[in-house]
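The active site annotation in TrEMBL covers Lys10, Asp137. The feature domain 'GHMP kinase N-terminal' is assigned by TrEMBL to 67-145. What TrEMBL lists as ATP binding site is Pro95, Val96, Ala97, Gly98, Gly99, Met100, Ala101, Gly102, Gly103, Ser104, Ala105. Positions annotated as domain 'GHMP kinase C-terminal' by TrEMBL: 204-278. According to TrEMBL, the compositional bias 'Polar residues' annotation covers 279-290. According to TrEMBL, the region 'Disordered' annotation covers 279-302.
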Amino acid sequence: MSVTVRVPAKVNVQLAVGAARPDGFHDLANVFLAVGLYDEITVTPADELRITCTGPGADRVPLDTTNLAARAALALAARHGIDPRVHIHIAKDIPVAGGMAGGSADGAGALLACDTLWSLNSPQSELLSLCAELGSDVPFSLLGGAALGVGRGEQLTPLAVGGAFHWVFAVADGGLSTPTVFQEFDRLAAGKAIPPPTPDPALLDALRTGDAAALADTLSNDLQPAALSLRPSLAATLTTGTTAGALAALVSGSGPTTAFLTKDEETATQVATALQSSGTCHTARPTTSPARGATVVGLDRV
Ligand SMILES: C[C@](O)(CO)[C@H](O)COP(=O)(O)OP(=O)(O)OC[C@H]1O[C@@H](n2ccc(N)nc2=O)[C@H](O)[C@@H]1O
Ligand SMILES: Nc1ncnc2c1ncn2[C@@H]1O[C@H](COP(=O)(O)OP(=O)(O)OP(=O)(O)O)[C@@H](O)[C@H]1O
């Protein structure tokens, strides 16, 4: 038997970052939106715990037990006293180390796939608490849609979204390390007063009403200056997309993927074409949001 789960990427439409905490994390007001780029995780019983990965950037994905998908399978097996020997295959389409929660998606996907394979039927609350142990972004990968994340981003409240938003994601050459971007945030913030992070009511309203122009006016990412400081070339990518007709542009999470919100699908195609031909990114990917969270898409009983 094998089980396949599909998991979306995310963009942070608001990422308000507070001061560094004693445990090394930062308190956040993190408004997550799931977008239609997906990894697919397939789990099959095997003689040993084994990981394979295909797709763009697969050569940069660890195939040992540091992989979040392996850690998820091991954590679920340990919780239930189950033999964790499975083959986990990751069909990657989410940019690796791109600020779109690709590894987190694989962690959430492996958790749901193993839960299904092992017929555990765990309640969602139990899966969400296991996700939070794996990483700050992992609970949202399971949930999908849109949500406000507080604490280090793992404490979620689902948000209503009133319509589809059109995006283009410009994938950069190479990745950025999330801890390094937070460290750069701390360096840039040194000596400044950092207000406690709070969600922007106007942004939550724009999501609720599905108003792309209002969302464009309220997008914000406190990690953007840090990502631009580490990767100055992203400024040219952002300008290319807005010049080509995007309503707004921002760095996705910790970067280096950049996100462009457009008024409709036609403009998204136009912005993607301009970005692709500009040479300021590796690949431009048009897509929509919100997207469903981790979902079982294949159950093969042979
Ligand atoms: C930038 C975001 O993607 C926005 O959604 C997330 O905050 C990062 O979430 P993630 O990749 O799941 O991060 P984790 O695996 O939990 O943490 C990796 C590292 O990022 C930094 N980190 C992460 C989350 C947070 N709220 N504060 C932090 O300072 C810490 O250095 C931490 O050791
Ligand atoms: N399944 C996985 N897929 C990709 N990277 C993984 C995975 N498991 C562990 N990693 C490690 O995590 C690092 C970050 O990769 P990931 O694709 O999750 O970054 P990201 O999308 O920027 O994360 P986030 O947006 O959650 O901060 C990689 O460089 C890799 O070493």
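Note: Cβ is positioned from N, Cα and C throughout, glycine not excepted.
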When secondary structure is assigned with DSSP, how many helix, strand and coil residues does the domain 'GHMP kinase N-terminal' (67-145) contain?
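Across the domain 'GHMP kinase N-terminal' (67-145), the residues distribute as 46 helix, 7 strand, 26 coil.
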Select, from Lys10, Gly99, Ala101, Gly103, Asp137, each of the recorded positions with a Cβ positioned under 6 A from at least one atom of ligand 2; if none does, say none.
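If the test is a Cβ under 6 Å from any atom of ligand 2, the answer is Gly99, Ala101, Gly103, Asp137.
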Determine the Cβ neighbour count for Lys10 (active site): the number of other Cβ atoms within 10 Å of its Cβ.
30
Give the residue from the binding-site residues Ala97, Ala101, Ala105 that has the most other Cβ atoms within 10 Å of its Cβ, counting over every protein chain displayed.
Ala105
List, in sequence order, the residues of the same chain other than Pro95, Val96, Ala97, Gly98, Gly99, Met100, Ala101, Gly102, Gly103, Ser104, Ala105 whose Cβ lies within 8 Å of the centroid of the Cβ atoms of the recorded ATP site.
Ala9, Ile94
Quick one: pull the CA-CA distance for Pro95 (ATP binding site) versus Lys10 (active site), whole Å only.
11
Write down the Cα-Cα distance for Lys10 (active site) and Ala105 (ATP binding site), rounded and given in Å.
9
What is the average pLDDT across the domain 'GHMP kinase C-terminal' (204-278)?
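Its mean pLDDT is 98.
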